[in-house]
Every structure is written in C-alpha cells, then in structure tokens.
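*Asks:* Sharing a structure, written as structure tokens. Questions coming.
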Amino acid sequence: FTLGRTRAADCIPFRILTPGSGQVFPPSHGGGDFLGLEMVSVLGCLAGAEKPIPKLIHHPPLNLSSSPSPAVQERGRVQRILQLENRFECHSGRTMDGTDDSYTKDGTTDIHGKPAVRKDTGNWRACPYILVNECCERLAYYGMSTNLVNYMKDRLHQGNTTASNNVTNWSGTCYIMTLLGAFVADSYLGRYWTIASFMTVYIIGLTLLTMTASVKGLEPTCHDGVCDPTKAQTAVVFVALYLVALGTGGIKPCVSSFGADQFDESDESEKKRKSSFFNWFYFSINIGALVASSVLVWIQTNVGWGWGFGIPAVMMAIAVVTFLLGTALYRHQKPGGSPITRVAQVIIASLRKAGAKVPDDESLLYEVAEKGSAIHGSRKLEHTAELKFLDKAAVVTQEDKNSVNSWRLCTVTQVEELKSIVRLLPILASGVLFATTYSQMGTMFVLQGNTLDPRMGPHFEIPAASLSIFDTISVIVWVPIYDRMIVPVARRFTGRERGFTQLTRMGIGLGISILAMLSAGIMEVVRLHVVASHNLYDSEDYVPISIFWQILSTSLVGAAEIFTFIDNWSSSTTRHRMP
C-alpha cells in the first residue's frame with residue numbers, strides 16, 4: 001500500500017491493519033509474532049519538512065505453528081472488531097487508499113505553497129471575495145467603456161469615425177491582452193499573483209484617466225462646449241486607456257479560473273458547488289454591467305467626466321482591497337509551464353521527423369508512464385486519429401532512446417494539446433464575426449442614439465449609451481427561456497440532451513446577430529429619411545424618432561450572445577474532433 005505524503009504534524013503513532021490476516025501490527029519491527037509481514041518504517045518524517053511515506057511491502061504470512069500464541073489470538077480478536085472499517089487507522093485522517101481527507105486532492109496549495117487544508121481554504125468561504133472583486137471590476141470597466149465614444153467625441157474633439165475606430169481598437173486590445181495574462185499566469189506567476197499584479201496596473205490607468213478629466217493641465221480646455229485638447233493631453237488619455245487595457249486583459253482570463261480553483265473536483269460536494277459558483281459569477285458580472293450602463297453613464301452625461309471616471313477608479317480600488325482580503329483563504333494551482341513553448345516543441349519535433357512513419361499501434365507513441373501528465377496541473381489526453389502529421393513528434397526513434405530531447409520528442413498529451421487548438425480555430429473565427437456585431441453597441445449604436453429623441457416624460461432624458469442596459473436585460477431573460485423552454489422542445493426533435501449541437505447553437509446565435517444588424521440598418525435608413533424630409537442636416541435638434549426603437553437591436557444582440565458567446569466558452573473547454 002502506498003500512503004502518499006505526510007507532514008511532520010501527521011507523524012503520530014498509529015496501528016496498521018492487514019485485511020484478512022486476523023492480526024493487528026503496531027508500526028514497528030520485532031517479535032516472533034510478526035514474521036508474516038515485512039515492513040518498512042512508515043514514520044520517516046523530519047520535523048518541519050514534508051517527506052514521502054515509504055511503501056509497506058505486504059508478503060503472504062508464513063506458516064508458523066498450528067496453535068497461535070495468546071498474544072496473536074488477542075490481536076485477532078481486536079482485528080475482527082476493527083476490520084469493520086477495513087482501513088488504516090491514523091490520527092492524521094489518512095485512509096487506506098493513501099489519501100488524507102484533511103487536504104485537497106487536486107494539487108492545490110495555500111498562499112505559502114503548502115498543501116491546501118480542505119477545511120481552512122477554498123470552497124465558498126473564499127468565493128465572496130472573488131465575486132465582489134469581479135462585480136466591482138466589471139462595474140469599473142463598463143462604467144468607463146460604455147460611454148467612451150462620447151468622451152472621445154466631446155472632450156478630445158474627434159469625429160464619429162475616428163472616435164469609433166479608437167474605441168474599437170482599444171476594446172480589441174483589451175481582449176488581445178488576455179493572451180498575455182493567461183501566458184504569465186500559466187508560465188510564471190500563477191493566477192493569484194497575475195491578478196494582483198495586473199490589477200495594480202489597472203487602477204493606475206483608471207486614476208490617470210480620471211486626472212485627464214478633472215486636473216487642470218491634463219484636462220482639455222473647452223469654450224462654448226467645444227474642447228481643444230493638446231497633443232500631450234490626448235497622448236496622456238491614450239496612455240491611461242491602454243494601461244487599463246493591459247490591466248483588464250491581464251486579469252480577465254484568470255479570475256474565473258481562479259474561482260474554479262477553489263473547488264476540488266475530486267470531491268463530489270465541492271464539484272456541485274463549483275457550478276453554483278459560476279452562476280453567481282455571471283450574476284456578479286451582470287450587476288456590475290447594469291449599474292455601469294445606467295447610473296454611471298447618467299453621471300458622466302449630467303454631472304461630469306471627472307466623477308464619471310473617478311467612481312470606476314474607486315470601485316477598482318475596492319476590488320483590489322477585497323481580493324487581497326481573501327488571500328489567506330485561497331487555493332492556488334502552481335504554474336504548469338509555458339503553453340507557447342510546448343506548442344513550439346510539437347511543431348519543431350514534427351518537422352524534424354517529417355520522414356518518420358507513425359506506427360499503427362498508438363501505444364508505441366511516447367507518453368510518460370506515470371498516472372498524471374508530464375505537464376504540471378494537467379491530466380493526460382487520449383490520442384486521436386486526426387492531424388497525424390503532428391503525431392510524428394511523439395514517434396520514438398533510435399536517437400530518442402539514447403537521450404530524450406523535448407524539442408525532438410514530445411508526449412502524446414503535448415501533441416493533443418496542439419490538435420485541440422487547431423480544432424478550435426474555426427470556432428474562434430466565428431467568434432470574431434460575432435464580436436464585430438457586439439462591438440457596435442459601444443460605438444455606432446451610441447452615435448446613432450445621440451441623434452434620436454431621448455425623452456422619457458417631461459423631465460428625464462435617457463443617455464444613448466444607457467441603451468446597452470437592454471442587452472444585459474435580454475441576456476438575463478433569455479437564459480431561463482433557453483434552458484426551460486427551447487432546450488426541452490429541441491430535445492424532442494433531435495434526441496440530444498442539450499437540444500442542439502454546439503455548432504448548431506452557435507449558428508443560431510450568428511443568425512440572430514444578422515437580424516440585429518438588419519434592424520439597426522433599417523433604423524439608420526429610416527433616420528436618414530427623416531433627416532432629409534425635415535432638412536435637419538445642420539440642426540442640433542433631435543431627429544423626431546424615439547431612441548427606444550434601438551431596444552430591438554440591443555435585445556437581439558443579447559439573445560445572440562446567449563447562443564454564441566456562451567457556447568463558445570463551452571466549446572473551448574470541450575475536446576472536438578475534426579469535421
């Protein structure tokens with residue numbers, strides 16, 4: 001039996017039961033009664049250090065005498081009582097399968113790098129800090145980005161096209177930076193330190209952006225509602241924006257994964273709580289988005305940009321403090337090495353062995369013998385038949401038998417990682433198409449809404465950027481409709497548990513996004529017709545069309561998001577075969 005690992009605190013004498021032998025052995029040598037078991041000391045602990053517990057080598061008992069000694073008879077009586085549990089009894093909680101219920105089984109550690117204690121770390125006790133952090137961060141992000149095109153237009157004196165392009169480029173950079181954040185987390189810092197580091201950059205960017213809207217010298221000079229920023233002032237704004245892009249991009253791929261790290265999937269109860277966590281995580285995002293697109297946009301429009309950017313900066317500071325307060329409770333996965341390096345190794349190894357023949361027997365391909373993967377924190381992946389050229393990287397040649405070079409010989413798991421990336425490329429490409437539609441809400445929808453009638457009653461006008469709130473509401477409404485109504489009906493026709501295939505669901509989402517763009521296009525045609533018929537080309541008056549006609553377009557984008565974005569996330573965590 002292999003007991004696994006222990007710590008000095010676990011080194012307490014315990015009894016060892018040998019199932020079926022009718023004998024109880026204390027953890028020591030000596031005495032003629034113990035000839036039936038060859039033992040190695042199990043208490044090989046050094047104070048203050050972790051040491052592996054050696055294996056217990058269990059040989060069949062020798063035939064001693066026909067009449068066992070009284071001591072053996074007494075031990076047999078005790079054994080028959082204790083055998084009801086049929087386990088190793090250890091004061092540290094270690095059981096017969098070599099595990100310890102006191103610690104997590106997924107390799108997570110605490111902040112000090114020691115094995116995570118189940119009752120003191122992770123689970124729901126750590127999640128409130130992560131959820132509050134996410135809610136405040138999303139409120140800060142959307143509070144700054146939702147109305148950004150109007151800031152570019154009004155305070156930086158940019159035209160519609162220039163402002164729209166600048167916002168789109170900045171938004172794209174935010175998402176591209178997620179690759180950097182994921183790389184740093186997986187390769188070097190781990191998720192916790194990556195989040196903490198990039199949040200620092202994030203809050204610096206928001207603070208600087210607030211200063212550009214409120215501090216004399218950094219704030220553009222405006223006369224009669226027309227601002228004339230200097231090149232230096234414009235440059236400071238863009239430095240602030242791209243610091244924010246670096247910060248939000250760095251933490252975006254880490255926060256949800258870090259939340260998942262708080263739940264040990266080997267424990268069924270924690271595994272169930274994990275799905276509940278993601279429901280609350282999504283809820284936190286939507287709360288932040290709702291407050292940002294309603295309250296903060298109104299403040300920016302009616303109170304001032306200083307307050308409109310200052311509040312997101314304060315909320316980001318709250319996010320940082322809240323996240324750090326939970327430090328002692330978090331579970332951490334150690335970095336597993338650079339995925340870029342592993343991908344490069346497979347490509348180079350397969351090219352170096354371009355002339356090698358892939359064996360028909362896949363068991364001949366190279367893989368580590370251990371139960372786990374050679375990649376820390378990952379599991380092994382099964383071999384698949386597609387993209388056979390990449391399998392050449394795992395072909396063992398005579399040269400590889402002499403010495404293993406990771407740039408010449410890769411494991412099957414490494415090869416399958418690259419295959420999974422290749423399979424996801426069509427899905428990622430379709431995501432780009434939808435993102436083009438989604439980005440219009442923060443640019444062209446807002447610019448179009450600026451010209452429409454925003455009045456709600458005699459005293460209130462809704463800012464054009466606040467119409468994005470209906471996208472969030474649409475998402476919240478469509479989630480239960482899809483889950484409770486659409487899926488059961490589709491299941492009857494398709495026989496699939498999820499109703500649709502993932503690709504079908506994504507196709508539906510893209511179709512809905514086309515309808516959203518059609519409705520927005522029709523709205524623009526009608527708007528231009530009204531402008532021409534009323535000769536409003538040079539007028540500052542609102543076009544006599546209610547801004548609430550835009551609800552149709554934004555709501556359709558929300559419905560498309562349910563089908564497209566969410567299934568993209570699902571697809572990215574599921575292995576796919578080539579079509």
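For all residues, glycine too, the Cβ spot is worked out from N, Cα and C.
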*Asks:* Please identify the range among 343-362, 503-522 that TrEMBL labels transmembrane segment.
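*Replies:* Of 343-362, 503-522, TrEMBL gives transmembrane segment for 503-522.
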*Asks:* Is it the case that the transmembrane segment (424-442) and the transmembrane segment (503-522) have 3 or more CB pairs under 8 Å, with pairs at least 6 apart in sequence?
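*Replies:* Yes, the stretches contact each other.
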*Asks:* With an 8 Å cut-off on Cβ pairs and a sequence gap of 6 or more, do the transmembrane segment (503-522) and the transmembrane segment (462-482) reach 3 or more such pairs?
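*Replies:* No; fewer than 3 Cβ pairs under 8 Å.
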*Asks:* Which sequence-distant residues neighbour the transmembrane segment (542-566)? Criterion: at least 6 residues beyond either end, Cβ under 8 Å.
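*Replies:* That would be 430-431, 434, 437-438, 440-441, 445, 448-449, 451-454, 462, 464, 467-468, 470-475, 477-479, 482, 505-506, 508-510, 512-513, 515-517, 519-520, 523, 526-527, 530-531, 534, 536.
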